[in-house]
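Written below as structure tokens is the structure these notes are about.
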Amino acid sequence: MALTPMMVEYMKTKEEYNDCILFYRLGDFYEMFFDDALTVSRELELVLTGKNCGLEERAPMCGIPHHAAAAYIPRLVTKGYKVAICEQLEDPKQSKGIVKRGVVKVITPGTFIDSNSNLENDNTYLMVISEYEDKFGIAMSDISTGEFKTTSFNNIKMSLLDEISKVSPKEILVDININEELLTEINNVLPVLITKKDFNEFLVSKEELIEQFSDLEVSGLTIEREIPSKVLLKYINETQKMSLTNINLLEQYEIINYMTIDGNSRRNLELTESIREKTKKGSLLWVIDKSATSMGGRTLRKWIDEPLIVKDEIEKRLSGVEEVFNSIGFNEDLRSALKEIYDIERIVGKISNKNVNAKDLLSLKSSLDKLPCIKELLKNTSSELLKGYYENLDELIDVRDLLNDSIKEDPGLGLKEGNIIKDGYNNLVDELRESKLHGKEWIAALENREREFTGIKSLKVGYNKVFGYYIEISKSNYNSIPEGRYIRKQTLANAERFITEELKVMEDKILGSEEKLINLEYSIFVEIRDKIEEEISRLKKSARIISDLDGISTLALVALENDYIKPEINTDGLIKIIDGRHPVVEKVIGKGDFVSNNTALNQTDKELLLITGPNMAGKSTYMRQVALITLMAQMGSFVPATSANISICDKIFTRIGASDDLAGGKSTFMVEMWEVSNILKNATSNSLVLLDEVGRGTSTYDGLSIAWSVIEYITKNKDLRCKTLFATHYHELVKLEGILPGVKNYSVAVKKLKDSVVFLRKIVEGGADESYGIEVAKLAGLPENVINRAREILEDLEGKNTFDINKVSSCSMVSNNIKEIAVDSTKNSEDKVISNAQNIDVNETSCKDTTKEKILRVETQNAEYEEAIKSLKSEITKLQELNKKHNKKHKDVSNDNMQINFEVMEKENFIKELSEVDILGLNPMEAMNTLYRLVTDAKKLQ
């Protein structure tokens, strides 16, 4: 059996769009067949039926009314499906044979604009990622606003993932040959639809790129930016089936011109959505976005995502906010005008996409009506930013006048229903309307006349699209109908419908006028739309100014409402905040209940603030607060404090909270270590780093060792030494102040009562002496017997704990000194063994000395160590010889006054293990553990 002719045409179209759900227009319905029908039926919960397709079995089918498609398509697209719309391209009544059909648009997550969405303040980005030699190239576009940008950077995976996290595209295009490992990581960062294309073939020519933009813009592209731009434009043209005129500016940007914030940090700081609810509420954007327009809302989000790092640019924006902040009346008038402005960017996008309607153009006219008022308000401003807005704002008077003269104030819902064009704009429209009006009057007169003639008061003249005009008489009055007066047209259950020759003639006149009027109004509307389309560049420029102005106005309003202050900006590495507050927490609990805190960070004595204190005391909130205040200052916003002087940070990193990646096979601790590793590899001396409870995911001593080692790495690495907030529950680490450069102790103030503690939420100088873990557990409601038993166990453990950080620190310094001697005096592995062995010559007295005394002692003992190295070298050689001969000798090794006798040296593995230990390559805690194990093994040989 063969497929029916219609189904053959369907299969041809489906083969071309096999990665899409095909909406196939049949009459008044979009129909889906086979697998598409099964998918749509499942996802949209529609009834699944069947259709005879010429095969033995009926084809699975489901459908939706064409006028209801707008309600169903968004549900499919948000689930990650692509939808191809196949329309009838000719009138079925005039078609000979199979109706000609074709795909008129492909709707994908990256190209879909839902006018009914409540996310109008969000951008819908489509992104292309390409690799060329040692560079990543990115191009992105929001076709609804006409934005089209490109950038490139070194082939550093983290930079790519950070950019994806920042932009948050709805769809990503990659080359078919992309590295699968990279693809997996992209999916882990942002699980969106990824479309693969062959970038060698799927791209427009350079000439097409120039035609879309300009020769000047395209000639400035490097090859790594040109490739993704060509691919992106190709995909837009392929899905939209047309060239979009609102995409007329190709912007290049550099990622180094904005603060870098990786995906983890964006999530931890809750910049645009809360961690728990994944919604805007509870985020920084929720606090700041009081925008008057949708365009302003999108601008504020961009400013949060891309804080500035150039001092002049930050201060320019701050000065603009300050001027509006200082003039409350000005801002009230400005916001009153801004609230009357619709989303000009997206209306322009609809004009370009040929799907704008009359109400959209009325919204545009209403928006343009407010531009003269806004320009007048800006006339006397003094800041560089606002003066620039005044000088560059185009009032678009000609476009406004065109719309004012042509579009009716109450237009019809559909463009093919008429009632669009104003009276007086077109003479022919006026004449046809007059004819239509007279026709309707004639119909009303006919109805009255026939009622009087027949005496049937219920007689009426009606109309429908199938039968046209008719005279309807109920069956109860059937006997009153004059014989031969009417021609029967239709019989109903309770009535009869008739026509007359006179009515038929008038019907042709009326319907002819209506059809001509509808077609004429539509053609005039298209002319108006095309005239406005010619001014898209001007419209976009004014829309950009309005959106930026709304952003400035909103920042001023938020500052006024929340008692924010203008921060000072410096490049000296100093962050000084007086009475800083967390903008989101303060908004939730109320300003009066929030405890403010001071912060002082620099690149000398307060490089790393070591913050100790119990859980739930507010350490994490304080750390996030410092990061958010820094970010707000660099985006040009006032900040929640009484005073703030902020050093420009090139990057913000955070390691806060516990998480795991079970799907990726990573434990909580593994994820934590991966995040810390990423920070240590990518932070610079100008970065701000927040580390919370490093080492929490493993055993106490392992965690303590890692936390200590990370602090050492940050403070001792001359190429790093970044501003760091390091919160920990290892209160033993407070002794690092004075030992490591730049470490300063702070803690959360706690008021300890008889059986409980009160968290004062105040950050004070000095370290905490205990963790108050049991008190926190009690507050959480653990049973009393569990709490009491925990106290007993704690007392027992504390009695046995002999850990001394000063002792380990001394060992570390001696080890470092020996390492220097070893480098100078020995060049082979045997010398390295001797140098390692020397690490045991530390006595208990030296570990109790002050730091200065320890340093002096180390310096004076260098000569003794050199002699000891020679002596130990000789002894080790003897041991190796004795071992080969299986002779038993005696030798003593001293460690903290402990004597160990090696009487039996037959086991080669002990000597081998001792010779292979690289104790200088271990951190102090690892060195102690290794030494302890070797001593234990040695005892077994006695």
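Just so you know, glycine gets a Cβ as well, placed from its N, Cα and C.
What Swiss-Prot annotates here:
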BINDING   Gly613, Pro614, Asn615, Met616, Ala617, Gly618, Lys619, Ser620  ATP binding site
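Taking the centre of the Cβ atoms of Gly613, Pro614, Asn615, Met616, Ala617, Gly618, Lys619, Ser620 as the ATP site, the nearby residues of that chain (Cβ within 8 Å, site residues left out) are Ala727, Val748, Phe759.
For Met616 (ATP binding site), other Cβ atoms within 10 Å of its Cβ number 15. In the three-state DSSP scheme, Lys619 (ATP binding site) falls into the helix class.
Shown are the binding-site residues Gly613, Pro614; of these, the residue with the fewest other Cβ atoms within 10 Å is Pro614. The number of other Cβ atoms within 10 Å of the Cβ belonging to Asn615 (ATP binding site), over all protein chains shown, comes to 19.
Each of the binding-site residues Gly618, Ser620 was scored by the other Cβ atoms within 10 Å of its Cβ; the lowest score goes to Ser620.
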